[in-house]
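Record features (TrEMBL):
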type     : residues : note
DOMAIN   : 80-211   : domain 'EamA'
DOMAIN   : 233-362  : domain 'EamA'
REGION   : 1-29     : region 'Disordered'
TRANSMEM : 81-99    : transmembrane segment
TRANSMEM : 111-129  : transmembrane segment
TRANSMEM : 141-161  : transmembrane segment
TRANSMEM : 167-188  : transmembrane segment
TRANSMEM : 195-215  : transmembrane segment
TRANSMEM : 235-253  : transmembrane segment
TRANSMEM : 265-283  : transmembrane segment
TRANSMEM : 295-312  : transmembrane segment
TRANSMEM : 324-343  : transmembrane segment
TRANSMEM : 349-367  : transmembrane segment
Amino acid sequence: MVLCQGGEGDVAPAAGGKEPEVPPGQEDGVGAVQPRLCPAPGVEAAGAEERRACGCCSGMSWPCCCEAPGTKKKAACPGLGLFYTILSAFLFSVASLFLKKIEDVHSVEVSAFRCVFQMAFVLPGLIYYKTGFLGPKGKRIFLFFRGFLGSTAMVLLYYAYQVMPLADATVITFTSPVFTSLLAWIFLKEKYSLWDLLFTLFAITGVILIARPPFLFGSHVTGIEGSYTNHLKGTIAAITSTLSAASTIVILRKVGKSVHYFLSIWYYAVIGLIGCVIALFVLNEWRLPHCGRDRVFLILIGLLGLGGQVFLTKALQIEKAGPVSIMKTMDVVFAFILQVLFLNHLPTWWTVGGALCVVASSSGTAIRKWRHSVKKAKQREI
């Protein structure tokens, strides 16, 4: 007999050939895994298959990668979720760059094309999972507001990208976790501590450094793109977009797991497309780009935005939300790099200072939420 790694759930299969279910979410740690006696190689326990210990199960919810002796084990890839996060950030940033390069196309029209790509991607999933197209009756009002606020956030963000520096608009969007905590405290009665208040003040300070209102910084504001009026409009649009995005997260928390993820995206795409088409007719802005390059950019924006969303979703499936939220700050880094390389626009020290404040506040909020979730998971194990 030799010592190997195992837990309470790692015992011989019960009668009938079924293995006992291991509680999901169990993690390695003190008391989570205990050494036990296992049959030596070549010796089988009566009525049970021999299980070999492997290191690739560490941190997983259940040892799904452990195989019987003689079979090949699939090695885990550490850091894959964080790689997906970086790839998602890069795709979103490149899509934003293409949006800056498009000429004479309104942000509402770009959003309409993005919604079409979302619908084309989600429709097969709805059919496959048989979720329906309307959702549960008691949840439809929440899904409607999720779609309305989500599409509004997209349109306003695209407008901000068009009228203000790419890095400035990207940085402002990173205040979303801070505003999510504030709205969750107001509407969901979630805990809001002094640390959360401090992070909120940091985020507001960062936005002020980026917007640079004349009553604080004087009438001559340097380092902006175009006129200060457009810069101010873009700042307001970016802040409103961030608040709308935070509101959608609060709504999704309220709905919980009772609604399939594909159905949530479906409402987002359908309501967004309807709203964009109505707005285009009201604004009389509907027109295809005259240049073939701009048409290619429109298609690439849809594909890259969809790809970024897919990789971000995959990252959240295999990695904790805390590290993903922190790694997502690479959006800001890519935005600064692309702005300098392809738009020839050097960020000012005010923008850099504002970016540091916003990234610090969003990272701090993510770390606190991560530690709180880990603490609750350990309490459930006990």
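Residue numbers in this text run from 1 along the chain shown.
In case you wondered, yes, glycine gets a Cβ from its N, Cα and C as well.
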Secondary structure content, the domain 'EamA' (80-211) (per DSSP, counts of residues): 110 helix, 0 strand, 22 coil
Helix-strand-coil residue split for the domain 'EamA' (233-362), DSSP-based: 110 helix, 0 strand, 20 coil
When counting Cβ pairs under 8 Å to the transmembrane segment (349-367), the leader among 265-283, 295-312, 324-343: 324-343
